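Colleague: Just dropping this structure here.
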Amino acid sequence: MAPENFTRVTEFVLTGVSGCPELQIPLFLVFLVLYVLTLAGNLGIITLTSVDSRLQTPMYFFLRQLAIINLGNSTVIAPKMLINFLVKKKTISFYECATQLGGFLFFIVSEVMMLAVMAYDRYVAICNPLLYMVVVSRRLCLLLVSLTYLYGFSTAIVVSSCVFSVSYCSSNIINHFYCDNVPLLALSCSDTYFPETVVFISAATNVVGSLIIVLVSYFNIVLSILKIRSSEGRKKAFSTCASHMMSVTVFYGTLLFMYVQPRSNHSLDTDKMASVFYTLVVPMLNPLIYSLRNKDVKAALQRFMTNPCYFFKTL
């Protein structure tokens, strides 16, 4: 095709979760409920871990950061997704698309790193309980969180810049419900080898690297738990780890399925379903898995509901 026949793309069209008109309203209601539950759960965790004096430990500090990340990740995706269920023209401008991709990458990479940080925190707490508050000091907590956000921001800038450095001509229909790397690069009319390589290396490094930290941490945690003489103590510890690992398995499993595979094996429709899990379902489940089954958080919630004025006076 001659260069003069190219039309530079100024906006994209998102196909959404489903193209079936009869499913738009039911899907809108389902995902609205998911988003509202995500907002309520994560805002609740942020509030409780901020105002309750008994939840001022490193574990709950990291939990608050995870809730902030989950809230941001869902908010980058869900509002536009919900609007598109209700309108016929499901368009997103070129720069809005780039911003959404950058925001998504920032929060998803930050979440991957934060899960690794939380695994390390649990490792120190269970394997070295007497030195826990010394090792995981306030200064170290702030350093780990700062590095997590800085790394997430750097990755978002580099990867999104590579994705939008290629040319997009004529074809502008994104087979997804948000702007993501793979469906965007599939639309490019120029060579995508370099950005695809950057995306693959970045995704593989982030997921595999953080997963190694999680697995090593939990391997040592399990060894320490097996040394506990009390059967009740072992059962309680294993139950807590099982809940956490269930969330980690779902999150990392979907990321590995989504990105760490050759392009020839990709099915964009299948990837959309996987994306629903780590952009909407996991952020909704995390408050339940990490907190609402926790006795300290339940007690804090009960105190807050009984006398909320007291909490805000202590701020």
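Each residue, glycine too, has its Cβ placed from N, Cα and C.
Note: TrEMBL annotation is automatic and uncurated.
Feature table excerpt (TrEMBL):
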DOMAIN    41-290  domain 'G-protein coupled receptors family 1 profile'
TRANSMEM  25-49  transmembrane segment
TRANSMEM  61-81  transmembrane segment
TRANSMEM  101-120  transmembrane segment
TRANSMEM  140-168  transmembrane segment
TRANSMEM  200-226  transmembrane segment
TRANSMEM  238-261  transmembrane segment
TRANSMEM  273-292  transmembrane segment
Colleague: Take a look at 25-49, 101-120, 200-226 and tell me which one has the most Cβ pairs under 8 Å to the transmembrane segment (273-292).
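Modeller: By the under-8 Å Cβ criterion, the transmembrane segment (273-292) pairs most with 25-49.
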Colleague: Counting only CB pairs under 8 A, let me know which of 61-81, 101-120, 140-168, 200-226 has the most with the transmembrane segment (25-49).
Modeller: 61-81
